[in-house]
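Chemist: This is the structure, below, for whatever I ask next.
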Amino acid sequence: MNFNNNKVSAPQLGSIILLTVVGTGILTLPRALAENVGSDGWLLILLGTLLSAAVVLIHSHIVKSFPNKGYMEIISTCLSKPVAYIVVALLVVYFIILNGFLVRLFAEVVKLFLLLRTPIEIIIFSLLLLGAYLARQGIETLGRLAELLIPIVLVPSLILFLLSLEGGDLGNLYPILKTPIPNILKEMPTILFSFLGFDVLLIFGLYVNKPQKIAKSATRAILFIGALYLVLNLSVIVKFGVPQTTHLIWPTISLFKTIDFPGLFIENVEGVVMGIWVLIVFMSIAPILLVKVILLQDLFSVKDNKCFALPLLPPLYFVALWGASLAESYAYLDKFVTYTAPIVTLGIPGLILIVMTFKKKNKKEGEPNA
Amino acid sequence: MMLTLIITLSMFLTACWDKTEINDRAFVLALGIDHIPPSEQPKEDREHKALEKVLGEHAPHYRMTYAFPKQMLAGGEPTVENIIMSSVGENIYINERQMKARVDNQLFLGHLKSVVLGEEVVKTPQMFREVLDALEKDPLISRKVNLAIAVGEAKEVLNVEPKQESISGQFITDLFMGEDRTNRAPVADLDQLFISLHDNSNAAIPRLTGAEEELKLGGAAIIKNYEFVGWIGELESMGLMILKNETDIFVVTINADGINIPYQVTEIKTVYTIQQKDKEIKMLIEIEAEGDIVQYFFDPEEDVLDPALLEKLEQEVEKKLQGIVMHTVEKLQKDLETDVLGFDTYIKRHNPDLWAQVGKDWVEIFPTVEVEVVVDAKIRRVGLTK
């Protein structure tokens with residue numbers, strides 16, 4: 001393995017995390033929040049950001065404590081080898097399913113807005129092929145691409161957000177803090193799922209050249225995502241108000257449909273929006289694909305992982321086409337994520353953390369005697 | 001491996017299911033939708049009786065009128081023709097398909113500018129809701145499209161060829177646009193209407209009246225629970241726009257000592273406040289206006305810069321504005337009994353506890369709400385002479 005071609009810097013990892021996370025939640029989050037907590041969505045986003053940042057700190061602490069060890073090795077050190085095999089195998093399945101749903105969502109939106117007559121299978125397949133190509137190039141390419149894409153994605157999005165505010169009504173943010181606390185707690189999972197994807201940190205941590213910087217970059221990425229979600233949610237609510245938002249499947253896209261800037265050289269900015277969004281989703285699918293490739297490499301303990309990228313496509317393709325309709329896919333995804341995501345993001349790292357602290361204690365207690 | 005990958009990829013990239021050349025598209029600028037009562041339906045449609053037994057009864061009661069410009073190459077000089085075509089069908093999309101058999105270009109709604117609904121459409125709530133949903137669901141139709149209700153039939157309005165601009169779709173759009181757009185009809189693009197209708201199923205939609213060679217945008221149709229309940233006039237529309245903070249520059253005429261004085265409002269702001277005594281709800285509407293006297297009287301006996309006179313004139317303006325607004329409120333409360341004033345939204349936002357009590361019966365409570373209008377008008381400038 002060429003060592004030079006396999007390292008990313010901590011900011012690059014942050015960029016990867018940012019793009020991976022944003023791709024999953026950005027389209028539906030405002031609606032989910034409006035449906036359940038009305039105009040108080042911003043509060044949930046704040047809480048969710050803080051919570052995710054805390055979890056990310058745990059993740060980066062784990063990665064930092066085991067320098068030069070992959071996730072599989074970390075698990076086997078802490079929880080014994082057979083457990084590691086099972087956990088990693090399940091992780092691969094988990095990521096395949098998560099990724100598959102994301103691919104489906106992407107394909108549905110592209111088909112609806114851009115390619116009316118193109119068969120959905122072709123849209124999915126071409127996207128997957130491109131993702132596999134990127135995964136074969138390894139993490140360094142991915143890191144560089146992420147770093148490169150962030151300004152390309154963010155600058156136009158921020159301009160579009162500003163343009164979309166024209167004609168909004170700040171009064172839509174009222175009433176403030178009128179949601180009962182139990183409702184807010186009940187909605188915590190929704191917001192946490194929109195941060196889903198930062199767990200790639202556990203797998204990619206090994207490839208960061210300065211592990212002590214991971215925590216800073218990763219939390220910065222999470223805080224940035226939180227700010228982005230906040231801006232997004234506020235603009236949607238200010239523009240549409242709660243009752244209208246609950247009726248929009250993808251409020252974010254509809255938001256951009258309302259932009260009408262006199263003198264703007266293009267009339268409908270959907271083209272630009274879709275372009276940005278394709279980049280975001282692609283950068284959300286590709287890292288997860290690479291995660292699976294790395295996990296499989298660990299699982300079979302082989303030196304070269306390039307051979308795993310293409311065989312992953314057929315299962316992904318089938319998961320993507322699993323749901324008969326968009327509604328069914330969303331329902332499956334919701335159920336799946338509710339049960340598995342807490343285990344993956346909190347359960348396993350939590351266990352590792354507990355074992356780590358015990359071992360440390362033992363070590364400390366053992367040292368004076370030795 | 002790399003080579004095969006590239007070859008496969010490029011193979012997929014060559015496929016173009018959705019290719020359309022731009023000159024093969026007909027850019028529909030205005031869309032008219034009419035409701036046709038069954039008795040008026042053309043006879044030949046009834047011939048499909050046998051088929052209807054199999055497919056179920058779907059009376060084709062939609063008449064869609066498409067207005068699009070088409071470039072004609074006649075004798076070297078390209079001219080733009082205004083093309084208007086209609087089709088009758090069961091719903092919007094059937095019509096669109098039927099039209100494809102009669103138009104050589106592909107009808108494209110991505111640049112649609114305005115939709116005109118016939119009066120009958122809003123009088124049929126079922127159909128009105130069908131139309132609204134079709135417009136909201138369509139990924140191509142922008143939420144910035146303007147919507148107007150035609151007096152009579154939408155087809156008639158679209159068929160008017162205005163003197164000033166032969167492309168009627170463009171003309172209707174221009175009526176809605178611009179700095180100096182009329183303040184005698186409420187602002188309404190699809191976005192605002194959807195928000196309003198999702199909120200309380202009421203809305204005020206601009207009225208479009210067609211004459212021989214002219215079109216006029218003024219007044220509004222009041223929709224209550226997705227059903228047309230009545231028109232409001234141009235002055236009442238102005239009152240509505242004042243109440244909803246949707247207008248800034250307009251002129252009212254006041255009369256002082258037998259002189260007609262136009263007062264040009266340059267800034268106006270309305271604030272609602274709710275005053276609640278037990279179960280009685282009272283709405284206090286405070287309006288602050290600023291403006292100029294644009295004309296007074298040649299060689300006047302009185303000095304227009306005299307503060308005492310200005311104060312007198314300000315009082316006249318206040319009386320006038322108060323009258324317009326109060327009249328609008330009364331018409332909406334007593335005659336039409338429809339809350340398009342945003343009272344409900346205001347209570348929902350600023351007094352959610354009260355809304356929890358009155359929200360259910362708001363339709364009955366709204367006409368009984370006591371309203372007080374307080375206007376504070378300022379005259380800032382008087383032009384070049386005194």
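Yeah, the Cβs are placed from backbone N, Cα and C, and that goes for glycine too.
TrEMBL lists A:12-29, A:41-62, A:83-106, A:112-133, A:145-165, A:191-209, A:221-242, A:272-295, A:307-324, A:336-358 with the feature transmembrane segment.
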Chemist: Go through the chain and flag residues at least 6 beyond the ends of the transmembrane segment (A:336-358) whose CB is under 8 A from any CB in it; none is fine as an answer.
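Modeler: For the transmembrane segment (A:336-358), the sequence-distant neighbours (Cβ-Cβ under 8 Å, at least 6 residues beyond its ends) are 55, 58-59, 61-62, 65, 74-75, 78-79, 87, 91, 94, 97-98, 101, 189, 192-193, 196, 198-199, 202.
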Chemist: Within this structure, do the transmembrane segment (A:112-133) and the transmembrane segment (A:83-106) have 3 or more Cβ pairs under 8 angstroms, counting pairs 6 or more apart in sequence?
Modeler: yes
Chemist: Can you work out which residues elsewhere in the same chain, 6+ from the ends of the transmembrane segment (A:272-295), have a Cβ less than 8 Å from its Cβ atoms?
Modeler: 16, 19-24, 26-27, 70-72, 88, 91-92, 95-96, 98-99, 102-103, 105-106, 109-110, 113-114, 127-128, 130-132, 134-135, 138-139, 142, 145-146, 149, 152-153, 156-157, 160, 197, 200, 203-204, 253, 256, 266, 305-306, 308-309, 312, 316
Chemist: Other than its close neighbours in sequence, what residues sit by the transmembrane segment (A:191-209), given a CB gap under 8 Å and a spacing of at least six beyond its ends?
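Modeler: Same-chain contacts beyond the flanks: 6-10, 13, 16-17, 20-21, 23-26, 29, 32-33, 44-45, 47-49, 51-52, 55-56, 59-60, 62-64, 68-71, 74, 98, 139-140, 218, 221-222, 225, 229, 284, 287-288, 291, 294-295, 337, 341, 344-345, 349.
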Chemist: For the transmembrane segment (A:12-29), which stretch among A:41-62, A:145-165, A:221-242 has the most Cβ pairs under 8 A?
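Modeler: Ranked by Cβ pairs under 8 Å, first place goes to A:221-242.
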Chemist: Take the transmembrane segment (A:41-62) and find every residue of the same chain, 6 or more past its ends, with a Cβ under 8 Å from one of its Cβ atoms.
Modeler: 30, 33-34, 74, 177, 179, 184, 187-188, 190-192, 194-195, 198-199, 201-202, 205, 214-215, 218-219, 222-223, 225-226, 229-230, 233-234, 237, 345-346, 349-350, 352-353, 356
Chemist: For the transmembrane segment (A:307-324), could you work out the same-chain residues 6 or more beyond its ends whose Cβ comes under 8 Å from its Cβ atoms?
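Modeler: Sequence-distant neighbours of the transmembrane segment (A:307-324): 96-97, 99-101, 103-104, 107, 120-121, 124-125, 128-129, 132-133, 135-136, 289, 292-293, 296-297, 330-332.
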